[in-house]
Amino acid sequence: MAQSKQPDTMEKIISLCKRRGFVYQGSEIYGGLAGTWDYGPYGVALKKNIEGLWWKRFVTDREDMYGMDAAILMNQNVWKASGHVGGFSDPLVECAKCKRRFRADQIIDKKKCTECGGTLGEEKQFNMMFKTQIGATEDETSISYLRPETAQGMFVNFKNVYDSFHPKLPFGLAQIGKAFRNEIAPRDFLFRVRELEQMEIEYFVRPSEWEEKFEEFRKEVWEFTKDVGLPKENIHELEVPDGERAHYSKRTIDFEFDFPFGKKELYGLAYRTDYDLGSHSKASTVPLEYFDEDTKERFTPHCIEPSFGVGRTMLAVLASAYTEDEMGGETRTFLKFAPAVAPVKIAVFPLLKNKPQLVEKAREVYALLKKEFGAVEFDDNGNIGKRYRRQDEIGTPFCVTVDFDTLEKDNTVTVRDRDSGIQTRVAIAELLERLTKLLG
Ligand code: ATP
């Protein structure tokens, strides 16, 4: 069976996402809002599955991790101390003629506008934080920002968690949440957006153990890519060289992915030293320290930060899963999702809609599976071939069909595999066990 990925994969993915209710353009009926996307029913299911796998691997399956959910709006002093007010900026150039703005580090010709041929102005630093006012008075003190990363919410809660739980080093805080960046040039669908979602960990260690823990997280990042079904050969580590790392980082590895538009950053893993806790201790005058009961030493822990973008994961998952092949003499489009991320795990069909006994039996099977697996759909619309195609397109791993043999012969149903199209007869009595095994 020939399978292919075409060069126009991105357009096809975006169109499938819209058509089948994964992702819509933000504010679409008003002409859209650049850099924003809305998740539809299947998109939100896919997103929650990705986040669930992340939370399980990094929080619930571990003893040393504390989940949290900090406010998006924070005291402006947080962003002063973190360095974002002064330095969270990208280099910007503006065309004198058409006024279009470009990221200076993303264009080849820094003098001439690629859109209208006009002259590009001097490079300026553009702060990417969205500024807002809190409360009814508008002055310097009421300024706040939509957080550009979730990380700071964890640093400022270090002491709270430490005081409530008395964890021993090493331990970490983990959070999934929205972040906002006023990107100069949002592009490539979910890859570069202005309203994004991150899954981040701040893992606190003794200065002497940072290398060991860095290596552990390096492996865990790879394990997570397996959880969501990304092919290993499309992921590459990039050791960020001296001079190119963020000012706080002593070591950074970018995990890059072969997106349809090129090899780009998927995740980051950074050793942030004691920079963040140190800066917040100083600026807030609240010591953010750890007390070692054994040595009676008090010190500022160092931090390892694995940082994951939800949207970039989703795009990598979609791009990896998108497949076209020939089946039954026609071209079929399907999403080869790993069962763990698939928005719908199983679809149940009666072979024919107008045979009440088939429908009744299929409803029974549907109720049985729905109770066990949750993400199960019932469909009796159109012919069976169309129903299979519809489920293939949203990446449903298995379809279960109730046919005449079910009623007249042996109480078995067919279980169809999405990728091969092969159907196997399974007794209803064994269906739960079989599907549990197949879904992994
Ligand atoms: P880039 O260099 O691509 O702008 P970055 O190095 O600024 O990314 P980080 O600040 O390290 O990114 O953010 C951590 C993670 O958050 C990234 O690895 C990515 O998965 C995600 N992320 C960052 N910016 C965006 C964005 N504008 N849209 C979608 N995801 C993003």
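Yeah, the Cβs are placed from backbone N, Cα and C, and that goes for glycine too.
The annotation domain 'Aminoacyl-transfer RNA synthetases class-II family profile' is assigned in TrEMBL to 8-339. Per TrEMBL, the feature substrate binding site maps to Arg103, Glu149, Leu196, Glu197, Gln198, Met199, Glu200, Glu305, Pro306, Ser307, Phe308, Gly309. As annotated by TrEMBL, ATP binding site applies to 181-183, 191-196, 265-266, 309-312.
Projection of TrEMBL feature records onto the structure.
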{"residue": "Arg181", "record": "ATP binding site", "contacts (Cβ under 8 Å, 6+ apart)": "Met128, Met129, Phe130, Pro148, Arg194, Leu196"}
{"residue": "Arg192", "record": "ATP binding site", "contacts (Cβ under 8 Å, 6+ apart)": "Gly35, Glu183, Ala185, Pro186"}
{"residue": "Gln198", "record": "substrate binding site", "contacts (Cβ under 8 Å, 6+ apart)": "Glu149, Thr150, Ile176, Gly177, Lys178, Ala179, Ser307, Phe308, Gly309, Val310"}
{"residue": "Glu200", "record": "substrate binding site", "contacts (Cβ under 8 Å, 6+ apart)": "Glu149, Thr150, Ala151, Met154, Ala174, Gln175, Ile176, Glu305, Pro306, Ser307, Phe308"}
{"residue": "Leu266", "record": "ATP binding site", "contacts (Cβ under 8 Å, 6+ apart)": "Ile235, Asp254, Phe255, Glu256, Phe257, Phe308, Gly309, Arg312, Thr313, Ala316"}
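Under 6 Å, Cβ to nearest atom of ligand 1: this is the test, and of the binding-site residues Arg181, Glu183, Arg192, Arg194 it is passed by Arg181, Glu183, Arg192. Long-range Cβ neighbours of Arg103 (substrate binding site) (same chain, at least 6 residues apart, Cβ-Cβ under 8 Å): Asp90, Pro91, Leu92, Ile184, Ala185. DSSP assigns Arg181 (ATP binding site) to coil, not to a helix or a strand.
DSSP assigns Arg194 (ATP binding site) to coil, not to a helix or a strand. There are 21 other CB atoms within 10 A of the CB of Val310 (ATP binding site), with all protein chains counted.
Binding residues for substrate (Arg103, Glu149, Leu196, Glu197, Gln198, Met199, Glu200, Glu305, Pro306, Ser307, Phe308, Gly309) extend across at most 26 Å, taking the greatest CA-CA distance. Counting other Cβ atoms within 10 Å of each Cβ, the binding-site residues Arg194, Arg312 show the lowest value at Arg194.
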